[in-house]
Every structure is written in structure tokens, then in C-alpha cells.
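Undergrad: Structure below; questions to follow.
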Amino acid sequence: MTQGFLSKNPSVLWFLLVLGLFTLGVTVLSETAGVGLISTSFVKTLGKTLCLCLIAIAMDVVWGYCGILSLGHFAFFGIGGYAIGMWLMYARTEIIVIKSLNAAAIPPTPEEITDAVGQQIFGVVGSTDFPWLWAFSDSLFLQLLMVVLVPGLLALVFGWLAFRSRVTGVYLSILTQAMTLALALYLFQNDSGLRGNNGLSGLQNIPGFERTPQAVISLGFFWASALALALGYVLFAWVVSGKMGSVIRGIRDNESRVRFLGYHVETYKLFVFTLTAVISGIAGALYYPQAGIINPAEVAPIASIYLAVWVAIGGRGRLYGAVLGAAVVSLMSSWFTGGGAPNIPLGFYTIQWTDWWLVLLGFSFVAVTLFFPKGIGGLFDIIVRKGDQK
Amino acid sequence: MLRALFLAFALFLSMSGVQAQTQSPTEDLQTVLQRHAAEVANPGRLSVGALIADLVASRQPNVASFLERWQDKGVYQRTTDGLFFYAIRQGDAYALTNMTTGESAGTAPADVMTEIRPNGGVRRVIGAALVQFQLSDPDRARRVAALDAISRSPDADQIDPLRASIEGEPDPALKLRKERLAGHLRARFGKSTEDRIGAINELSSALDVETRSVLNLVLTTTSGVAPSVPEGTNVARILKVGTDINEAVAYNRLVDANLAPAPIPPAAVKAALTANITDGRVGGIPVGQLGNETNRSDAYDALATAGTVPPQVTPAIRTAALSSNVFYDAYTEPNPAVTDAARAALDEVEARVARYQIIDISMDALSLASIYFLAAIGLAITFGVMGVINMAHGEFIMMGAYTGYVVQLFIPDYTISLLVALPLAFAVTFGAGVAMERLVIRHLYHRPLETLLATFGISIALQQLAKNIFGTQARPLTSPSWLDGAWVINDVVQIANIRIAIFVLALIFLALILFVLKRTRLGLEVRSVTQNPGMAASMGINPDRINMLTFGLGSGIAGIAGVAIGLYAKVTSEMGSDYIVQSFMTVVVGGVGNVWGTLAGASLIGFLQKGIEFFNPSNTLAAQTYMILFIILFIQFRPKGIVALKGRAAGD
Amino acid sequence: MNTLLELSGVSVSFDGFRAINNLSFQIGEPELRAIIGPNGAGKTTFMDIITGKTRPDAGRVIFGEKSVSLLKMSESQIARSGIGRKFQKPTVFEAQTVRENLAMALSNPRGPFDVLIYRKTPTGAARIEEIADEIGLSDHLTRRSGELSHGQKQWLEIGMLLAQDPRLLLVDEPAAGMTPAEREHTTDLLKRAAQTRAVVVVEHDMEFVRRLDCKVTVLHEGSVLAEGSLDHVTKNKDVIDVYLGR
């Protein structure tokens, strides 16, 4: 079945080929391979970018294909990050604690270990007890399950509530934004059980790989991210092709017509919303070990809006557009704000990109919305059409 | 003590007598003192009264300050002539001050000056007399200071001088305060139980914090534990272990009262085990097996049996100790009649306080609702009339606030600058809104989601621009001094003037917008464009112009809201984003396209937020979280808001 | 001919305005029925009630042999139980091809997972060809429906209704904006469809109604004013008053 699907969607094969070549190229040029043209920190940046591309295609499916402008998908991304971060932090702290407790004459009891780990993790928020949220934090398997389940369930409940009362359009956007804000505000509290605005840190240290150099770990995560993106791309391309794609694009263009054709529109929206939320969670779970730290600011509503911006700039309604948008804008963002871009002296004033990048981004985004509603992806259409004419 | 009271009372009588005679003073201070020179130099607790009475009778203005200095051991007698001076030691000599005139009287060598040292009893008598002086001092500030001093350290001696001074008090406010304070003193230190209960009953009609704390002081409890409640204890309540008090705390009380052995904490167990390792074993258990609680406990018991360490407190010992003792809270006040009266009075006071608190919170909520209304109404207009979500609305609020700040840089008078800033902020944001409508939004009608995103792009650009121009730190927008105070209704209910002003501003805008929409040509055109743009256009109304003006109006109001918000919060480049989500909520909850809806939405959200904050005052973040969750649920049940349009007009 | 759909005593009001007032209506299977009435007579609201878009304040709506009440069902359930609706404005999915439009409407399981694993079947493809032939769009199957002419879009929408295989077809002003030739084709389409099922056509254009040659129901102020053949109703005094005004 999948073969037939791939042969009918050559763009998926092209995408996989480009992604494969890119992954290979980065590997060959990385420090681990000995060439060192690409530094470890840049490998991390690229790996993170791939995760952002993954959530961008999820956003594209839910917005570009199904017409739901969700301003909450970064919340799912953050939840995925928190879920994996809890295990990373717990397991690593446990290793350190056991090491130091083993120095004593008497072997530690499990209670002592738990207390000491709790002290280490929650000392910053003035607590030592483990909140109920951390019940499964000692199990990698269960936390991985959480990466999928928590965003999925949240999306399911929220989506069910919202779609069943026919909240659509900008109302839905505002509502998803409110959900994100509520989550961020909750996480900002010190007694949220997730270390308040300290967030979770030290996530780049993977328990069990203490002796492995970061260069190798980061390459590993880069591969994992590339693999996740490839799988996600194939999955979404499959979902949006064929009859399913037909129905969800129908929902985007004329919801009530689809309803009168006998499709239960709410179920479809819920399906798309939940599926993309789960994929966003997975993307987050891969992103934050590379970022090393997650805090509530990451979940703030603005992040989800930026996500929409990437997809819009890349080009909605085509998966590679979303990938392109996320990659280009996020890489440019880190180039400009990281001081990589040269400042422009005007004589009376020097434009420092660290200050002016957001102004440029804001206005170019307005320009894209006004003049290139199809985004960068739309350029491909022009090129392809010109090719046809010749 | 009684003597001192009597004295003070006598003093009062003599003083009012003097006042009645309105006799002009004849003797100066020194003369009076010389008459009682022996008593002054070596005062006795019982005999000093006559001297003080005489001093008071002299009606010299500096008697009070003499008494103070005397009490503070600042009065000296010159042995050469027996005169009294205020003196300060300077090296080997004393700098003297003539106590009648207050002028310098040269210096004197140390050996001719004798410091006068009234003993503790005398000093107390002087103090009581002084209180009387201060309480009746012609200078209001000194009377207030005396009352403050009594509030700070109240004691029984002050009751009579305080009550004595009430009648002569010319200032009604101070008189009230004196009466209240006298009530407090009587409630705590009254001579008889009846007196105290009487005073306590009078307090039950009060509302102020001080009264509440006095009643609480009367009701102070100490926690106690004993095999049975001791005779004569005024028990506040008996605590049941497990429900009123948890076992660990209860047991610690037993330990503190030496009624039970101290438990051995895990760390101590560990330390004991570590200290007693012999041949890789502790109490016969190999060290390697000590990685769990049971084995550790067994090893420790083995050590305890051998007598090396004190035995552990087993659960059985613990339970037995807990059940054979009574835990209770006892009033420090031994008289149950007094505590019962105080409890009743406090309950009454607190019930009244709670009622006023509800009023206070309602007023807070009202002012919060006004702010949300101001912030959201502009948005509601653009959203309702044009179906356009303006994500940059928050930045227009910010723009208005910065306009106010810039105006203040040029016009130092805050009142005038405010009067200039309000219309200017309107003008600036009106212009910005019109520009945005012309350049961007006009091209995106019927694509609401894209409008949302485009205006978001403008929002981030404007925010960063503001950051680049004004910097990241907060800028002050100072309110004129007449807005600084608060309207104090009583001790519980008070509201800041600035909040009243914002409330009034919101009312003005409500009226203004209703007027514009319902009574003017523009309003008529706006409403017709809202309902049927095609028809409106064919009747000669230019929808472009209407959209432009509507957008300008909405933005302009945001600018004014910005000035108002800036006055009580800080002006930062991010202030817009603090209000934008709440503004959306207000509009969505209220129902789109309706001024009353926005008002209802703002009120709901304002009252809700304050209500939640009341139940969880320490955590405003949690309050906001709950509020948003509530709104999400609310939308489920009324997707179109409180004031919803029905039928065909609502569209789909 | 047995009764397929029955409305009795249905009323609905919006903000005090009675759009439908104690309306009773029956249609059998197969039958072709035209509904006419002046603006605001409640024609669209009538369709909204049947298809579940609007919930009536009072009355019963009963469908099929088993006499199922439609009032508790959602729009999609109603559609699945065999009621298809064509809107006044042609609403086809313009970004998708004619084939995709028809495929979406084919009467197959409608659940998301059924749709996700849906594979094209020869019978499905044959049915699409058949419908395309019927509506005269055989040559346009691979075109994006947005590129079609207005009349073709109307036919496509009727085709989508046919693909749903409904027992009751509700058609709102199918002939609006069509050329005479297109109208004729539309009339044929509807008449043929009504041979096997119930078809309700709401129309303004008397000429078109005459050509349909069927029983006519006249709606006025939310209730039935007259019912019968076109000639019969046009002679009715009340109908003349309503249409010509007094």
C-alpha cells in the first residue's frame, strides 16, 4: 500500500532523498567524523531545526490542510519536552546522588535516594517532596509514553470540547491561545511541580551515556531528529493524500458542505488535531535534550504564533513548504539574533540586527501575507509552471 | 501603682481647675522647683506627687519637657547654688541650659554638677503624669504621638489618664480615637471582669484592625499537653490527634513537654550505625545489607539492646504516649467569661469585616473590569464591525502609554500633561490604526485568519521598535498628585483614586461609544455597514471610509486605555501583550459586535479574577490559570458569548 | 407510494420573528415536489430544519419506514441516513478535482479510519464514471472544479448528491443563473432522479417549476398556503394575493 502511495507522491521521495543527503552531509562534515567543518553546537542547532520542521509540518496539516489555525501546538511541543525532561533530570540526578551516597560507610536506602534526588531537583523552589506529576519519572518507558499520551489526551479533551460546540475560525484560534496561556501560567508557578520558571535543565546529559562525548550524542540526536522528520513527513503525506486529504481539505474550504455529505466533521477535526498534537509532543521530546533546558517561557503563546508564521512564510497546504519555512526562518533568526549578521552602519545610526531582526521579521511577515500568500513554496509553483511552458 | 493612678487623676482635676480659672502663670519653672528642691533632687515614689501637682498647677509651657528630661536623667543640680539645669557632658565639663528660658547657661565643671536620678518607681509616676500632659497637649501632633505611644505599648496605668483626657479633647477624630483606645485598654487591663466584659461588648461594634488585634490578644492561646487538662485552665479547645493535629506534631509536643522519649531521626540512626561498624557488621548485620529501612532498624535495635544507643521509639510506644495525653489549646486569659465575651465580639466583628470585604472586592473587581473594558472595547469595535482580529491592539495600548510618557518629558506639570496626553494618545493611535487599515487590513478582508497573522507581524515589529526606541526598562507615567490618594470609606473598604478615575473614564467611554453608534450619522453608517455592506454601499455609504474610521476609532480608544493603564502600571514595550489575551477573552466572552456584550464580558472577567484571587490570594498566577480554564469551559456552553446575536443576523 | 418524510406542527422563531409557523408537510417516495413562495416565506429555514442545521422550537420531523425522528440527529447523521442537500450557491470544493469531489460524496463508510485506509475500488470508479456521465462532466473528471462554469458546478453538486445515494434530495434554486439549455439539462436530471427517490426543489422561477411538472407546495409566512398542481395553486386566491399583493 505504502509503495503505491510513494509512487503516486514523488515529492515525498524527493524530500526523503534531500533529507537523507543532508543528514549524510552533516555527518561527514561534523567533528565526530573528524572533518570538523560543522561544530558540535551547530550540529545541535541543525538537529533542533529538524525538530522544528517536524512540528511545522504538523502545524501545516492542522492549519494549511484542515483550516484550524491552532495557536496551541507549541504547548504540545513543550509538554513533550517536559515529559522527557522529567526522566532525563530524574535519572541523571539519581546517578549523581547514588554516587555521593555510596561514598558513605553504609549503603543508601531507596528512601534516602528519593529524598536526596527530591532535594536536588526541587530545592530551587523550596520543596523536597516529589509532586504526583513525577510518579513515573523513574521509568524511561513510561515517560516516553507520556510524551505521546499527555499531548494526545490534552488535545483530545480540548478539541472535543471546542469542536463539539462548533467553535471555529478566529474564535478557535483565541481559545487555543488561551489554553496555551493557561498552561504557561500554570508552569510558571513554583508549586506546579515542574520547578516553576527555573524549568528543567541539564537535559543534554543523557543518563547512561556519561562517557560519550557531546559531539557524538548531538550527532545521534541529529540522526534521530532526521529520522523522526522523515517518518512524520511520510505519515502526514499519507494522511493528506487520498480520500482523507480530500475530506480535510473539504473541511477547510467548506465545513458545512462536508457535514451535509454525511461526514462527522468534528471527528475529523479531532483526529487531525490530536494526531498533530502527538507528533508535536514527539518533536518536543527530541528538541529539548538538544537544547538542554526547558522553561515555561518556551510554552508562552508567542511561540505558537511564531510557528504559524514559519508555516505561512514557507507556504501553507504543502508539507515541504512548512519544512522550508521553519528551517529558513528559525535558522535566520538564530543567525540574526546570535550576532552572526553584519551590522549596517548608516552614519547617523548603526542598524544592529540583534535589535532590528524582529522588526524585519514582523514587517516581512506582513509582506508575505499581503503579497505572497503561498509563501516560499509558491515560488516552486512559478518555477514548475515556467518549466511547463518551455 | 494605685497611688500613681490616683495621682494622675488628681492631676487631671487640678488641671481642669486651673483651666477653669484661666489664671495667668506667675511662677516660672525654676521657682517651683526650688520650692521643692529636696524632692526634686531626691524624689520618692510616694512623695513626688505633691511636686508634680504643683508643677502642673504652675501651667508653665515647659513643664512637660522638664518632666521628660527629669525622667531621662537629663536634669542636674549645681551644688554651688542649688539651681537646676539641663546639662550635657562635654569632656570634663557640662554644657548647661536654663530650663526656664531654654537658653544656654554656660558651662560648669563636672565636680559641681549632681545628676538627678529618679528611681524606677518615680520614673513611672513621672511617665504617667507625662502621658496626661501629652494627651492634653495643645499641639495636636503631640497628642497623636502620645496616642501612638499608648497603642504601641499599652498598659493598665494609661487607662485613667486616657479616659480623663477624653472630655477635654477638641478634635472629634482624636476624641474618637481616644475613646476607642480607652476601650482597648479596658478590654485588656480593666479593673474588674464586668468592666472588661463591658468594654469588650462595646468593641463588637468596631471594624478596625487594632480592635481586631486587641480581641485576638485577649484570645491568645498557648498549646498545651498533659495527661489530663490541669485545673483552672481556660481551655479554648481540645485537639484530637489525627484530625486537628497530625501525629508527628503531636508527638513532638509530647517530647517538648518531657512526656515522651525523643524519636531517633533516620539521619541519627544512620550516624549511630556508621559509628558502630565492627568487622564489616553492625549489630550482627553485614554493612552491605543496610541498604533498606528494615535491616537498618533491626541493626539499630540490636545496638540498642546492647545498650550502645538509646532505644528507638516504636509505633507502639508512640501510640500509647499519644493516647494517654490530652492535647489542648488554652487561653492565656484565665477568666472564661472574658474570653467568651471576646470570642463573641470577635465573631461579630469578623462577620462585619467579611461583609465589608465583599464590598471592597466588588469595588476592586469593578475597577479591574473598567480596565478590561477600556482595553477591550476598541478591539470589540473592530472585531464586531469589521470581523477583523487585531493582534496589534495591545501594541496600540502600549503606544498610547508611551505617548503619555513622552508628553510628561516635555510638560512637567502632571495634570496638564495628562490632559494633553489623553487626546494626543488618541490622535497618535488613531493615525496608526488608520495607516494600518489602509496599508494592510484593507487587502485582507474576508480572510480573517490571515488578518490575524498579519496584524501579529505588525505587533512583533512594533514591540521591538518600542524596545529599540525606549529601551527595555520600564518607564514611569506619573499620575498627578490628586490621583495619588485613596477614598477611604472605613478600615476595610478603600479604593485608590486612580482606580476611581479609570472607572469614570470607562463610563465616559461607554457613554461616548453608545452615543457615537446610536445617535450620530457615523454610527448609523457603521451599523449599516456591519449588517449589510453591499446594501450600505449601494445607498451611497462608502464602506472603505467607514472601515477606516471604525478602525481608527478602535485604535484611538486603545491609545487612551494605554494612558490609563500606564498610570497605574509600568510602561514597558511588553505591556500590550499582557492585556491582549484578556482583551480577546473579554470580547469573546461578552459576545462579538456589541458594546453591552463587551461590558458584560469585562465585568464577568473582572469579578471572576478578583473572586478567584480572594480565595487564593497568594497566587495570582493560579488565579489567572483558573480564570482562563473557566473561560474555555464557558465558551463551550455559550460559544457566541453572553450577549449573542441570534438567527440569521448571526451568520454562520 | 408511501410517506418518506413528514413534518407536523413545526415552529421556529428567531428573536421573536416566526420563521416557520405550525408547518406540516409530507412527501412520498418516489416523488418530485416543488416548493415556491415569496421571499421570507421560510423556504431555506424549512430545509435547515430537515437537515438538522436549525432546531425547531416545537413539532415533529419523522423520516423513513421506521419513523425515525430527525430532531435528535446531527447534520452528518441525517445526511448519512439518506437526506442530501444542495445549497443555493453552488458549493463544491473548488481546490479539488471533479473526481475527488464525487469520490468524497460516494456512499462509503464515513468514519475517519475508514476514510484513512480507503482504497479505490473498481465499483467506486465505475459509479463515478456513471454519475459523471449523467451530469455531463465525463470529460472534466481530472479538472479542478474551481475551473468549471457556473452551470457545471451546479451539476457537479447535484452529481455529488446522487453519489450519496440519498432517499430524499433537497435542492435549493438549482436553475439560478443558468442558460436555457442548461436549465433543460437540469430539469431532466431532477426528473430522472425523482424516478427512484423523493426530490424537493425550492425554486423562484415559475417557468422552471412548470417544466418540472409536479405537485407544488406554496409556503407563506412559515406555513403551507396551498398545495396541488401548478395550475391549481396559481388559481388559488390566497396565492394570487400573496404573489401579486393587494
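Any Cβ shown, glycine's included, is placed from N, Cα and C.
Worth saying up front: this structure is predicted, and the values here are computed from it rather than measured.
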Undergrad: Scan B:338-358, B:548-568 against TrEMBL and say which stretch is down as transmembrane segment.
TA: B:548-568
Undergrad: With pairs restricted to those 6 or more apart in sequence, evaluate whether the transmembrane segment (B:365-389) and the transmembrane segment (B:620-637) have 3+ C-beta pairs under 8 Å.
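TA: Output no: the transmembrane segment (B:365-389) is apart from the transmembrane segment (B:620-637).
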Undergrad: Are the transmembrane segment (B:418-436) and the transmembrane segment (B:580-608) near each other by the rule of at least 3 C-beta pairs under 8 angstroms (pairs 6 or more apart)?
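TA: With fewer than 3 qualifying Cβ pairs, these stretches do not touch.
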Undergrad: Between the transmembrane segment (B:548-568) and the stretches B:418-436, B:498-517, B:620-637, work out which stretch tops the count of Cβ pairs under 8 Å.
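TA: Between the candidates B:418-436, B:498-517, B:620-637, the best contact partner of the transmembrane segment (B:548-568) is B:418-436.
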Undergrad: How about long-range neighbours of the transmembrane segment (B:418-436): same chain, 6 or more residues beyond its ends, C-beta under 8 Å?
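TA: Residues 392, 396, 399-401, 403-404, 407-408, 411, 455, 458, 479-480, 548-549, 551-560, 562-563, 567.
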